[in-house]
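Trainee: Mind having a look at this structure? Questions to follow.
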């Protein structure tokens, strides 16, 4: 039986449904990071206040420019995505997003749905009493926002002893726990708010994770493993394996210095392999970004970099896992018009031309160049400006895509309606340049990486490289020599 997919409201905090974001440094508090599309669909009833734009800081030396460019991007993320540095498993990275529930004919997903329905059958017929009990219980067990009040030493489900709070957001909180039934292993438990819409989103993510974990029980394809889920005092709790920092948080804590080429190669191959697994299972992730790519372990070595005049961290083991399947969509489900976080959003999504698996490939291309540079090449919150940045980096948009789009306000006479001499136009011209000009070296491996990125950033989704093809790209040949 096909169950309905809830309408996604971009004003819900996108990071709130992502396991990845909670794996950041625990020394800072996180702010709420809202979905970048929130400012584009004001009809949603959950309103977020606007913030002012921040501009690229120019400085005298090349090193200073690179550093300030990265700082600009971080400030941009803070301003326009509600990003807050800080706790592992949480908000910017945090992508336990409030997305729609899935509709699929697959028995694995519908069986969970029916099980959940039967479990709450009685309370559904006594909604008034249920809401009264919930409100009353919050004075004892929940805070005013619906978070479960808990502290170190508390035990969930007579099994998971809380040792630390890793992060907190609109969806709930994530805690690190000791699993006393499995030899004291450490796990991450997401405790969802006792609020209907967040519970529904959690159920949607559980369904996808159950399917993926059953299909790949040993995590060969590097999707995060959900160990189990349970209810605790009205809160859905999802138990995950404990992972390291997100790749974004590692870059951020490393002063926005990029990854080494050999690490980029290994990470890129694992990401492509993981997402290709999703695609082969008729799923599109729809929210790939560095915050949703987590290191299995984020141990690092540190040495002084005389060129950058600061200490530089090098990850010891670049193995990764992909997280946050709250927005993953099956081929036969309803496809929301707007998906993906702004920086990683494909042109067919911006132009409302419809999307499928190729939108994930575009996102991966954006991720790889961010790993290479240390910052995103599309730092914007505006669709018209985003398209202008694309044209500056990748050349003119294809005429057939312009002619098909319903977003006519972005175009005039089948060309992007963009004034290069305006302040915004000058900013884009200064901030962006043709793709190959971002190359830091003309060495063969750099050429191969940019060839792969260029194929991933093909405008036309029908011509964009598939991940099955990408895994055979010459950039990955050195990996195959060692296997």
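Positions of Cβ are set from backbone N, Cα and C atoms, glycine also.
Pulled from Swiss-Prot, these are the listed features:
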| type | residues | note |
| --- | --- | --- |
| REGION | 1-49 | region 'Disordered' |
| COMPBIAS | 26-36 | compositional bias 'Basic residues' |
| MOTIF | 29-33 | motif 'Nuclear localization signal' |
| COMPBIAS | 37-49 | compositional bias 'Basic and acidic residues' |
| MOD_RES | 61 | phosphoserine |
| COMPBIAS | 84-111 | compositional bias 'Low complexity' |
| REGION | 84-146 | region 'Disordered' |
| COMPBIAS | 112-137 | compositional bias 'Basic residues' |
| MOD_RES | 139 | phosphoserine |
| DOMAIN | 160-476 | domain 'Protein kinase' |
| BINDING | 166, 167, 168, 169, 170, 171, 172, 173, 174, 190 | ATP binding site |
| ACT_SITE | 287 | active site, proton acceptor |
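Walk me through where these features lie, including what they touch and how far apart they are.
Mentor: Mean pLDDT across the domain 'Protein kinase' (160-476) comes to 95 in this model.
Of all Cβ atoms in the protein chains displayed, 29 besides its own lie within 10 Å of the Cβ of residue 174 (ATP binding site).
Within 10 Å of the C-beta of residue 287 (active site, proton acceptor) there are 30 other C-beta atoms, taking all protein chains into account.
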Trainee: Among 166, 167, 168, 169, 170, 171, 172, 173, 174, 190, the annotated ATP contacts, find the widest CA pair distance and round it to a whole Å.
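Mentor: Pairwise Cα check on 166, 167, 168, 169, 170, 171, 172, 173, 174, 190 gives a maximum of 14 Å.
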Trainee: What Cα-Cα separation, expressed in whole Å, is found between residue 168 (ATP binding site) and residue 287 (active site, proton acceptor)?
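Mentor: One finds 20 Å between the Cα atoms of these residues.
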